[in-house]
Amino acid sequence: MPNASSWSASSPLLLLWEDSSGTRIFLSLLYAVLAISGTLSNVMVIYLVFSFKKLQTTSNAFIVNGCAADLSVCALWMPQEAVLGLLPPNSSSLRSAEYRLLRGGLLGLGLTVSLASHLLVAFNRYVLITKLPSVYQALYQRRHTGCMIGLSWALALLPVPLLPGLWTLGSAQSDGSSRYTALLLALAVLGQTALLLHCYLGIVRRVRGSAKRVSVLNFHLLHQLPFPAAPPPPRRAQRRLSSVSVLLLCCVFLLGTQPLVWVSLLGFFLRPAPPALQAASWLLLCSLSALNPLLYTWRSEEFRRAARSVLPRGEGPAAAPRPAAS
């Protein structure tokens with residue numbers, strides 16, 4: 001059976017470093033399910049936003065940006081992992097340096113832009129709720145919004161050459177560059193998480209402190225928040241439900257990102273974590289690409305109404321028309 005160091009040079013990123021056909025088949029099926037569900041959900045959100053004018057808001061522009069990035073993971077990267085998991089360990093496809101670079105680039109680009117989009121959405125909502133309307137309107141002009149989206153892709157292209165170093169993450173004989181790449185990844189995600197939590201916890205404090213402040217903001221973007229939109233519940237219940245919705249979003253995000261952060265820090269400062277733990281942490285992070293569309297749309301009545309208008313309702317045959325009265 002191949003050892004960990006040989007697997008680190010030849011195996012797909014999220015496959016366990018063990019010669020177990022059952023594990024590889026299970027992970028391949030899991031990637032396939034995530035690829036199909038994530039592709040459909042991301043494409044659906046993009047289609048709805050471009051098809052319905054009411055959904056064409058600044059907040060949804062950042063959500064669509066994240067969905068486009070998630071498609072590079074769900075529609076392009078995950079299917080390859082699902083297929084490669086069924087190949088024998090000594091397959092030439094697994095050992096191709098160029099192919100590994102392509103897969104690593106797709107994964108790095110998609111995850112980086114997706115995480116940046118999370119932060120852009122959080123900051124957008126933070127400014128909307130906690131700042132004056134004039135500040136929001138000045139900051140989120142169409143030109144500025146386009147620059148923010150373009151900057152997220154430009155910054156994502158910078159660390160793509162570092163992604164191949166992550167393939168040796170977890171190997172006891174990995175070189176220093178891969179260890180520092182893992183540290184850079186962990187610190188970047190930690191910083192992004194801190195900013196995102198600051199924004200959402202600031203929203204929670206403002207909503208809990210003044211429900212009236214939120215209700216008088218006559219912005220269409222309020223319908224895109226993960227809060228109940230209509231009909232409005234009593235003020236105390238509204239504050240409670242708003243806080244729960246935001247905290248639930250934060251918990252899902254933390255569950256997907258933090259295991260990889262601490263596994264990477266553990267490997268840098270102490271010793272590499274077990275291969276199974278590394279694989280699980282990467283899988284949680286990549287699964288966010290399939291869950292992101294649901295995180296940002298499940299509480300939006302506008303999205304639900306738009307989805308109901310395009311999805312088949314499955315109603316029974318229509319009743320026969322009544323005869324005209326004589």
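Cβ coordinates come from backbone N, Cα and C, glycine included.
In TrEMBL this protein carries:
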TRANSMEM  25-50  transmembrane segment
DOMAIN    41-296  domain 'G-protein coupled receptors family 1 profile'
TRANSMEM  62-80  transmembrane segment
TRANSMEM  100-123  transmembrane segment
TRANSMEM  144-162  transmembrane segment
TRANSMEM  182-203  transmembrane segment
TRANSMEM  244-270  transmembrane segment
TRANSMEM  276-298  transmembrane segment
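Long-range contacts of the transmembrane segment (182-203) within its own chain (CB-CB distance under 8 A, at least 6 residues past either end) are made by residues 115-116, 118-119, 122-123, 125-126, 129-130, 159, 162, 165-166, 169, 246-247, 249-250, 253-254, 257-258, 260-262, 264-265, 267-268. Long-range Cβ contacts of the transmembrane segment (100-123) within its own chain (Cβ-Cβ under 8 Å, at least 6 residues beyond either end) map to 12-13, 59, 62-63, 65-66, 68-73, 76-77, 80-81, 148-149, 152-153, 155-157, 159-160, 162-164, 166-167, 189, 192, 195-196, 199-200, 253, 257, 285-286, 288-289, 292, 296. Mean pLDDT, taken over the domain 'G-protein coupled receptors family 1 profile' (41-296), works out to 77 on the 0 to 100 scale.
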